[in-house]
Amino acid sequence: MTEEDGGVGINGVLPTREYEGKTTIHVILACLVAATGGLIFGYDIGISGGVTSMNDFLIKFFPVVYKRKLSAQESDYCKYDNQGLQAFTSSLYIAGLLATLVASYTTRKWGCKATMFIGGTSYLVGSILNAAAQDLAMLIIGRIMLGIGVGFGNQAVPLYLSELAPARWRGALNMLFQLATTTGNLTANLINYGTGKINPWGWRLSLGLAGVPACLLILGSILAPETPNSLIERGHFEKGRATLEKVRGTPNVDLEYDDILEASRAANQVKHPFRNILQRKNRPQLAMAIFCPFFQEFTGINNILFYAPVLFQTIGFGADASLYSAVITGACLWGFTFVTILTVDRWGRRKLLLTGGLLMFISQVLIGIILALKFVGNQPLPKNYATAVVVLICLYVAAFSWSWGGLGWLIPSEVFSLQTRSAGQSITVCVNLMFVFVIAQAFLTMLCHMRFGIFLFFSGWVFIMTVSVYFFLPETKGVPIEEMSLLWRSHWFWRRFVPPPEDEKPPPPT
């Protein structure tokens, strides 16, 4: 199908109208404040792996792992294979999974600001419990509180950014969430590098400093404006229009306001959004809500980010060298997020996902081959091959950063209509956290049994997701959220699920 006959092909871009307005300082500041929600997610991802490699932490909570770590007889691949240690990391994400179901309700009924406030408060409580932990039970309870904070934050922040940002800059501004996530990750790696030298309480400082991004999110939820979409959906029409005029920097917002109002009226007729989202007409959006977070996790990225110090120690790096290498990978993740910010609204989502997928596939295959051939027995990797592994991991992390890192959150947050947006984002976060939990709980065991094959395992998934993007993901660049349904009705595959309504008007020419 071609654009001339009213549709889009595999790559097609739907012609759409643009609303009036500009990217105002109010939008930028509000998005910066809201994006601090990504800090709590990124900080935890980075802090977990560093803390679990610290000897003082292992001696207090996981002495069996510490003894195995010192054993010369134990395979390097298996020294950290412990379900309790993995539960420390993964318990946060199962709590987040359950919390996001509640967060969907609070987002719909009270708005994004209230949901972000709850998330920040819970995360602050969890950071205090973790820093003061005296036994494993207290440590896990703290992790559960952190998970509730992550669940609420990940539900509200991407939605907030997508609804507040102008359509033509929605990708770049939404990427602030990913930038905050990678900033949190890099900060955590740097902190681990410093606190790893503070004996015996350095790990407490690492865990306790999670309270800083939590306070930033709480403050941001108080100061930032609510989105016009949320205000209008909850019946605050005048305040919603005033906020829309303020964030767009113009009183000429009739077209956008009318579209939001129409979408809001349709949304309020939906009493059961989770039931509504299962209808055939919402099948494309539901597929994005499930497969985007699934594919994001099965790139294997969180194995690197959670357990980077552990992984580098496994393949022969010393304690300091492993933490230093984790800092390098965190810096790559952070730096290449700017590539996405600068290009996502110019090149589009598909190009970034396809190029990132290709480079991730190549780098993981090469890492697996090097480890298969050169990492034998309990001898560390030869220096030149160890350097090559670090370089390839950095390439892999960089490719993830400009592709699935941010776009795995952006795409689901922008494709849903207002009727099902909170429910759709809840499904996205649930699927994401469910597979984060599964992989975090299983990775060290998988590493023990699959060894180098674990990199080949994830490279296979990267191949599958890259092919899927090429055939099934239409380009959403520049398409207003309120017009996103037109995109699905024009796609070569998804149009069979979304028949056009009888009174539909063709989109105006550009």
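Cβ coordinates come from backbone N, Cα and C, glycine included.
Here TrEMBL flags 27-47, 85-107, 139-161, 173-191, 203-224, 286-310, 322-345, 352-373, 385-411, 423-444, 450-473 as transmembrane segment. The domain 'Major facilitator superfamily (MFS) profile' annotation in TrEMBL covers 30-477.
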The transmembrane segment (352-373) versus listed stretches 27-47, 139-161, 322-345, 385-411, 450-473: most Cβ pairs under 8 Å: 385-411
Residues of the parent chain within Cβ reach of the transmembrane segment (385-411), under 8 Å, 6 or more residues beyond its termini: 154, 158, 162, 170-171, 174-175, 177-179, 181-182, 288, 292-293, 295-296, 299, 301, 304, 312, 315-317, 325, 328-329, 332-337, 339-340, 343-344, 349, 352-353, 355-360, 363-364, 366-367, 370-371, 374-375, 428, 432, 465, 473, 476
Interface check, the transmembrane segment (423-444) with the transmembrane segment (286-310), three or more C-beta pairs under 8 A: yes
Beyond the flanks of the transmembrane segment (139-161) by at least 6 residues, Cβ under 8 Å: 31, 34-35, 37-38, 40-41, 44, 61, 87-88, 91-100, 102-104, 106-107, 112-113, 115-116, 118-130, 133, 170, 173-174, 176-177, 207, 210, 214, 217, 224, 227, 409-410, 412-413, 421-422, 425-426, 429, 432-433
Outside the transmembrane segment (203-224), six or more residues from its ends: residues with CB under 8 Å to it: 30, 33-34, 36-37, 39-40, 43-44, 47, 50-51, 54, 56-57, 113-114, 116-117, 119-121, 123-124, 126-128, 130-133, 142, 146, 149, 153, 160, 184, 188, 191-192, 195
Contacting positions for the transmembrane segment (322-345) when only residues 6+ beyond its ends and CB under 8 Å are counted: 46, 49-50, 53, 168-172, 175-176, 178-179, 182-183, 185-186, 188-190, 192-193, 196, 304-305, 308-313, 352, 390, 393-394, 397-403, 405-407, 410, 477-478
Distant-in-sequence neighbours of the transmembrane segment (173-191), which means Cβ under 8 A and at least six residues beyond its ends: 23, 27-28, 31-32, 34-47, 50, 157-158, 161-162, 164-165, 205-206, 209, 213, 305, 308, 323, 326-327, 329-331, 333-334, 337-338, 340-341, 344, 401, 405-406, 409-410, 413-414
